[in-house]
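For reference, the structure is listed below as structure tokens.
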Amino acid sequence: MRLLLVFFMVLAIFIPCFSFDIPGKDLPLILDYYKSTCPTVFDVIKKEMECIVKEDPRNAAIIIRLHFHDCFVQGCDGSVLLDETATLQGEKKASPNINSLKGYNIVDRIKNIIESECPGVVSCADLLTIGARDATILVGGPYWDVPVGRKDSKTASYELATTNLPTPEEGLISIIAKFYSQGLSVEDMVALIGAHTIGKAQCRNFRSRIYGDFQVTSALNPVSETYLASLREICPASSGEGDSNVTAMDNVTPNLFDNSIYHTLLRGEGLLNSDQEMYTSLFGIQTRRIVSKYAEDPVAFFEQFSKSMVKMGNILNSESFADGEVRRNCRFVNT
């Protein structure tokens, strides 16, 4: 009886039967915010992102990930970009960020160009949001309009960066709770995780998966066994050995934004435990259905990914609208 009660309590998490007060939902973001003050901003970011992704397709995933990590901590306010100083503890050294988050130099590069054209006008938070959209398109993903007008925060939160961001080894229930706390639904979560169709993961983040239940979820498929053997060559079993070695999260089309990652989950070959849980977890009743839908219908995935990226980008820091700024340098608060 007790187990049954726990089961139904867990199920309740999956049913979006109540609403959330989404941070920043009533604050003004509009498409033509920079129409008169910096009309070239979208073109500048697009042009630079084209060069950056051409230099290395992985940069697309890096920028999308940076945007995600920004929005989950204090809202999309550029706080993740702040360097640590004597008076400010940044988010870059928080456990989910320190070993894996990159792309700060890319933001610096684009910001310098924008500042030369429109000094003190375009926020780092907007730059990152627009850049994530352009990065997605450049590797084959969908387009969406990006509302702008965000301000940069003067603060960061090491504590929230440590607790708010999902981790690669996290269980499904905990991950759903973290997305819900941001006003994002289960459908948003599964769609946004689809960004893992591009990019790479470090050995330290998938070691427990490939030496754990990988063989169980892949049903001892001979092809999967070969894939697993290659992963174990990249990532030794011993902790600390080869921790920074990387491999693609989508081993079929790693540089193309498509729905291949969901087929990977159907095969039980998800590289990260947090991804595979969406299809094989005992509690994945709703997520399993959504994963199957996106695997079967790439158009549905693209449509929802676009909607969910806008929704995530609209998670704002209300304090930054009262006391925020447009940083001249994304790494530091203006002086």
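Every residue, even glycine, has its Cβ placed from backbone N, Cα and C.
Here the candidates are Cys51, Cys76, and TrEMBL names Cys76 as the disulfide partner of Cys71.
According to TrEMBL, the cysteine that forms a disulfide bond with Cys118, out of Cys17, Cys38, Cys203, is Cys38. According to TrEMBL, Cys235 forms a disulfide bond with Cys203, chosen from Cys203, Cys330. Candidates considered were Cys51, Cys124; the recorded disulfide partner of Cys330 in TrEMBL is Cys124. Figure note: comparing Cβ neighbours within 10 Å for the binding-site residues Asp70, Asp77, Asp250, Asp258, the maximum is reached by Asp77.
Mean per-residue pLDDT, taken over the domain 'Plant heme peroxidase family profile' (28-334), amounts to 96.
Listed in chain order, the extra residues whose Cβ falls within 8 Å of the Cβ center of the Ca(2+) 1 site residues Asp70, Val73, Gly75, Asp77, Ser79, Glu91 are His69, Cys71, Phe72, Gln74, Cys76, Gly78, Val80, Ser153, Ala156, Ser157, Leu160, Ala161, Asn317.
Of all the disulfide-bonded residues in the list Cys38, Cys118, Cys124, the shortest Cα-Cα distance to Asp70 (Ca(2+) 1 binding site) is found for Cys124. The disulfide-bonded residues examined here are Cys38, Cys71, Cys124, Cys330; by Cβ neighbour count within 10 Å, the least packed of them is Cys38.
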